[in-house]
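Annotation comment: Swiss-Prot describes 34-54, 78-99, 114-134, 179-199, 227-247, 289-309, 321-341, 348-368 as transmembrane segment, evidence class experimental evidence. Marked as heme b b562 binding site by Swiss-Prot on the basis of experimental evidence: His84, His183. Under the heading heme b b566 binding site, Swiss-Prot lists His98, His197. What Swiss-Prot lists as ubiquinone binding site is His202, and the listing cites experimental evidence.
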Amino acid sequence: MAPNIRKSHPLLKMINNSLIDLPAPSNISAWWNFGSLLAVCLMTQILTGLLLAMHYTADTSLAFSSVAHTCRNVQYGWLIRNLHANGASFFFICIFLHIGRGLYYGSYLYKETWNTGVILLLTLMATAFVGYVLPWGQMSFWGATVITNLFSAIPYIGHTLVEWAWGGFSVDNPTLTRFFALHFLLPFAIAGITIIHLTFLHESGSNNPLGISSDSDKIPFHPYYSFKDILGLTLMLTPFLTLALFSPNLLGDPENFTPANPLVTPPHIKPEWYFLFAYAILRSIPNKLGGVLALAASVLILFLIPFLHKSKQRTMTFRPLSQTLFWLLVANLLILTWIGSQPVEHPFIIIGQMASLSYFTILLILFPTIGTLENKMLNY
């Protein structure tokens, strides 16, 4: 019998083993769709970003007007920009749901896959931050000023580090130029790390909602999950296009329609919605260094999750106490997101401090404690 080129060709067999003949658990739910959706988001962002970069000028005197020119005069420029801006929001929606799935179903026990995933999240956050600065509106400028200034809280080297990052004594032309360079480069780094992420995943195979070995009941990825992924894509595309075409500025800040002005500070400096939870944690601590450490810890804590797993069961499917705690954490993150968008005044300050404290308490103390308690309950 003639060899199948799909299985013998050096390049095609890699694609075959990753996307066609890959053995997958027969019972993975729609929560396993977000990985492929993230891949689609990345490809969309790289494509729209490339088209935008062709019309963008990374210069403080021209950046704002070059973006306006793209929207007004370039064929479908308005569409490309709206897809790119709102694509970032959907990228974060998908990654948050993907991480939530990992937490709920104990996927973090594949440590290498989990750690590369956390690195991907950090890289994505960096990419989104530098990208937000590029239109050079008021919130772009002041967001860049406030967030880069946080590095000055690092003892001894802080101020030097900030001036080195700025390329001067304030956020100015060199800052914009390097941020554009980074924003162009990082998505390709994300694509590279994604391949590493998948390589580690395919070493162990996918987890499943029961958290048990699925070796005895595997099905080929194609056609089952390839079609399921396409269904997931169409379901995501509907709200995405609705947002991008009907209310493209819903999630943006009106302040960014004003060109950057170092002499006028906006009344409320706040990042895009997907950073608000971390911003709320940063603001909840009155000390600058303490706030920066809490901000870093709010995301870096994900690296600790595999070590805080004390339950004898992998997933939360049959652990009602842990489930309650998980949804409490979700509610807590929504409260933090809301607080991050509010001004620093009573009662928002105390609510933010309580929510920040409970965020770390749930992850560091309550999850391991409840896991141990559930183990004990299994004996009775």
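Every residue, even glycine, has its Cβ placed from backbone N, Cα and C.
Mapped onto this structure are the features recorded in Swiss-Prot.
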residue: His84; record: heme b b562 binding site; contacts (Cβ under 8 Å, 6+ apart): Gln45, Thr48, Gly49, Leu52
residue: His98; record: heme b b566 binding site; contacts (Cβ under 8 Å, 6+ apart): Phe34, Gly35, Leu38, Gly117
residue: His183; record: heme b b562 binding site; contacts (Cβ under 8 Å, 6+ apart): Gly49, Thr127, Val130, Gly131, Leu134
residue: His197; record: heme b b566 binding site; contacts (Cβ under 8 Å, 6+ apart): Thr113, Thr116, Gly117, Leu120
residue: His202; record: ubiquinone binding site; contacts (Cβ under 8 Å, 6+ apart): Asn17, Ser18, Leu22
Leading contact stretch, 34-54, 114-134, 179-199, 227-247 vs the transmembrane segment (289-309) - CB distance under 8 Å: 114-134
The transmembrane segment (78-99) vs the transmembrane segment (227-247): 3 or more CB pairs under 8 Å: yes
Maximum Cβ pairs under 8 Å to the transmembrane segment (34-54) - stretch from the list 114-134, 179-199, 227-247, 321-341, 348-368: 179-199
Stretch with greatest number of CB pairs under 8 Å, the transmembrane segment (179-199) reference, 114-134, 227-247, 321-341 candidates: 114-134
Conformational class of His98 (heme b b566 binding site) under the three-state DSSP mapping: helix
Non-local residues, at least 6 beyond the ends, that sit with Cβ under 8 Å of the transmembrane segment (114-134): 56, 58, 63, 67, 88, 91-92, 95, 98-99, 102, 107-108, 140-141, 143-144, 147, 175-176, 179-180, 182-183, 186-187, 189-190, 193-194, 196-197, 200, 271-272, 274-275, 299-300, 302-303, 305-306
Cβ contacts under 8 Å made by the transmembrane segment (227-247) with residues that lie 6+ beyond its boundaries: 30, 33-34, 36-37, 40, 79, 82-83, 86-87, 89-90, 94
